[in-house]
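Working notes, structure below.
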């Protein structure tokens, strides 16, 4: 089964002849489930191209998320990896993956489970660990993610990067993942871009993020309504905003809550109604940020200053950090008093004062 590559070739491993991905789908009667936003990639030239974006994989340890019928899996194995961990939630794909595992003896470990709950801290051998300041470890995460899971999963992994746990307990583990083209554009958007969003700040303050190439929707079966982009992440040695993940996420989420309005409108939602205007003014002045900028116009440096100023205010008044603007709105609705923060005349007056 295991053949050595010819001299000069990168791969030291070659898969034996196997049924095509299309034949695997027919053999095991696999059907992409719309409710799981599944789309299969059958073209092995494209799966090779995706895997190539991860960099040098010879003798590396790789975790593939949601391998499905195993197209990308074949390309990863052909790259000469040492070990491949497959995490697949859908039991229908396991028999086809087992066939691949038998074709690559000792290289493949299949886990039938959910990547959102799987404990990645124990996924790889301890000897692969590197210190955060070193080069990234010889560990890669690769995945053609279902659209429904891609955003919550990358937010979870960005939190892991911030805390240096999960798959990042081994060091600055690299990720090569697919997203809807629109989501990929948000992940990589620069200040002033219409795609600039919460996702842009959360990803770019923790990682180098590159949109590598776009795969047209017609390359997938069934064809999705959107194109797909391959995005590569390398965690930064130092985050651009050196504050806890939860604090940064709260500030950024608040700023983008009203993305078409002036940024101070979102920042107001960080504070309880009592003293809201005064505290918003204090935060904007301390951070030295123009309150009439739109959220998508703010630079990473301005977000850093806002987070640092908010941290100081939270240290002075710990109740601020646990304040939840939406909970305040719910309480108002139940008491029939929905003034101020919901855009009624009283709020406009506050905006004019500011």
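Heads up, the Cβ atoms here are built off N, Cα and C, so glycines get one too.
Marked as S-adenosyl-L-methionine binding site by TrEMBL: 39, 41, 66, 88, 114, 144. Of all the Cβ atoms in the protein chains shown, 27 others lie within 10 Å of the Cβ of residue 144 (S-adenosyl-L-methionine binding site).
Look at TrEMBL and you will find 46-237 tagged as domain 'Ribosomal RNA adenine methylase transferase N-terminal'.
Across the residues annotated as binding S-adenosyl-L-methionine (39, 41, 66, 88, 114, 144), the two Cα atoms farthest apart lie 21 Å from each other. Most Cβ neighbours within 10 Å, among the binding-site residues 88, 114: 88 holds that distinction in the structure as shown.
Around residue 41 (S-adenosyl-L-methionine binding site), the same-chain residues at least 6 positions away in sequence with a Cβ under 8 Å from its Cβ are 47, 50, 71, 72, 144, 215, 219, 220, 221.
Just so you know, of the binding-site residues 39, 66, the Cβ with the fewest other Cβ atoms around it within 10 Å is the one at 39.
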